[in-house]
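The region 'Disordered' feature in TrEMBL is assigned to 1-32. The compositional bias 'Low complexity' annotation in TrEMBL covers 14-23. Residues or ranges marked as ATP binding site by TrEMBL: ASN61, ASP161, THR182, LYS183, GLY191, LYS192, PHE193, GLY194, LEU195, GLY196, ALA197, LYS198, LYS517. The annotation domain 'DNA topoisomerase VI subunit B transducer' is assigned in TrEMBL to 399-558.
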Amino acid sequence: MAGDDVAETKKGSSKNTKNSSNESKLKQKSPAEFFAENKNIAGFDNPGKSLYTTVRELVENALDSAESISELPEVEVTIEEIVKSKFNSMIGLIDRERVDTQLYDDYETEKAREKRLAKEARVSEIQAKNLASGKKNKEPGVSKVLKARGEASYYKVTCKDNGKGMPHDDIPNMFGRVLSGTKYGLKQTRGKFGLGAKMALIWSKMSTGLPIEISSSMKSQNYVTFCRLDIDIHRNIPHIHLHEKKGNKEKWHGAEIQVVIEGNWTTYRSKILHYMRQMAVITPYAQFLFRFISETPEKNVIIKFTRRTDVMPPIPIETKHHPSSVDLLLIKRLITDTAKKTLLQFLQNEFVNINKTLATRLIGEMGPDFSPSMAVKSVTSQQMVRIHQLFRQAKFDDPSGNCLSPAGEYNLRLGIIKELHPDMVATYSGSAQVFEGHPFIVEAGVSVGGRDVKQGINIFRFANRIPLLFEQGGDVVTRTALKRINWNSYKINQTQDKIGVFVSIVSTKIPFKGTGKEYIGDDISEIATAVKSAIQQCCVQLKSKIVKRLQAREQQERKRSLSRYIPDATGAVYEVLKQMTEEHKKKKKSYGEEDKVIIEKVSKDIITKEILTEKLAEHVEQVDYEMALEYATQSGVSEEPRENIYLQHLDTNKTNFIDLHSPTFVFRLIL
């Protein structure tokens, strides 16, 4: 017995040891595996949001690609609905009829079916009685229809552009390796995570198992690269199905990406169309063609957002780090990567706003262990801490905004007018400001009236020239527009007027909040102040326009009022003149010479009631014109009417012209 207990104890202890060794074994996850398990971070919370985010990522990549070669973007987006039978045939799966119907969530027993039909019959009978007696029927409740958990909707998303294209050999890694790309330098970029189409490929792998297809060609290439691949999520490497070169007779350049994913068009239709519309506002120099192709032709959607200008913002420039924005890890990385030999050269060349004189002063302030000629690779961890402490305490000039690429007042104003057709609009572009060592520029536009704009305040937010559509409540723009602007003081009715508030923020680092990076926090005072100031500047411009409009309206109302009383006034005057004529004839009353002349004209019907009416109307017109002319002279307004005009898009091959920029227009001098 005792021997058995000892044996059992040894057996149990060996099992526990085995379990504990398994639990203590270190495991690693690849970047692709991490984002696959935490897809909500990248905006793939559910099928509907995943469809929206896929469209957004592909469109932004297309714009970046075209702008990088100064090409006016032309982007085509197609979402094609794929029914279950078609999807099954794509993956080689044969449709199968249900055998055991009770296995499914939407199974209905015979008893439940009889009960449902009896209830529907009673409801129909009650409705018929109500109609006969003239009573109103209540809206029928929505019947609960069970939907199987395995049901899904599939869509093929295609995005084609006229951009730079991609090198043949780099395509597999650009799409099949997470956290590898060309947007990781310090510069203004549209991307939030640098994932781009990679996350769409991961979602495709998770939801459909189908690969992504890429066609690409660069300028002057005589071939088109075609690549079909998916991703090995656990190893974070591309799995290439086909990678080949094809002929390029049309000399096309750009990229066409096609991916099949699970999605939900019904719930996110408005978000996707809203995104495309806002993208057309902030990039009026681009042309977008959006198509949704359904199995039901009546549900098809085709929208074209035409280009209205060929003036593009400058290309963002990669910049160096500002000393006040770096941390210990970044200092260590910069020292490791630098090609400079000495500490003086490192400080002078790896950071902005540190010249040779300032670098020498900084090294002198660091202490006796530092010298300008010391090897930068020999800097110890403790010395890095000293450099970091001095960077945080010393005073440096603010970085300039030359590296940034705002949309520009001209493009912002043109985009608002093109898409919303407001009654009036004002725009403002602020100067570059700084938070935590990063430059930023705030541009704003405020419109009143317009097409498809609801009453009240409508917020349109942009970060690095991309629309932000989610988590609006906590955003600095929303809070500022709703709580910090006194709209009444600018003659704007916050509840009744159709107000559009457009704010675009560009920076080398957008301080997003939340896991999805969908809004900019309200806790950075520099940005909050700049946003408020930009909106107020627009409101000041609008107030001037609104006051002029109100004065013109009052003048028109005054003219209408005077014109309304012309018949009564002329009738009364004419009656008095007739009475004076009668009295003069009967010599009951004597009048002066001027009065006699008028009485004589009345008696000879030279002055009639109709003539008095005509003369009084002419007088009202003359007074109104003189008042309007006086007002226009005082306010500097020309008498000629104004019209909105658009410049015709020129052939991109013709470059012999000079653009003279203004906040509200661009004058093109053709040589």
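Every residue gets a Cβ built from N, Cα and C, even glycine.
Less than 8 angstroms from the CB of ASN61 (ATP binding site) sit CYS159, ASP161, GLY196, ALA197, ALA255, ILE257, each of them six or more residues away in the same chain.
Of the listed binding-site residues, namely LEU195, ALA197, the sparsest Cβ surroundings within 10 Å are found at ALA197. There are 19 other Cβ atoms within 10 Å of the Cβ belonging to LYS517 (ATP binding site).
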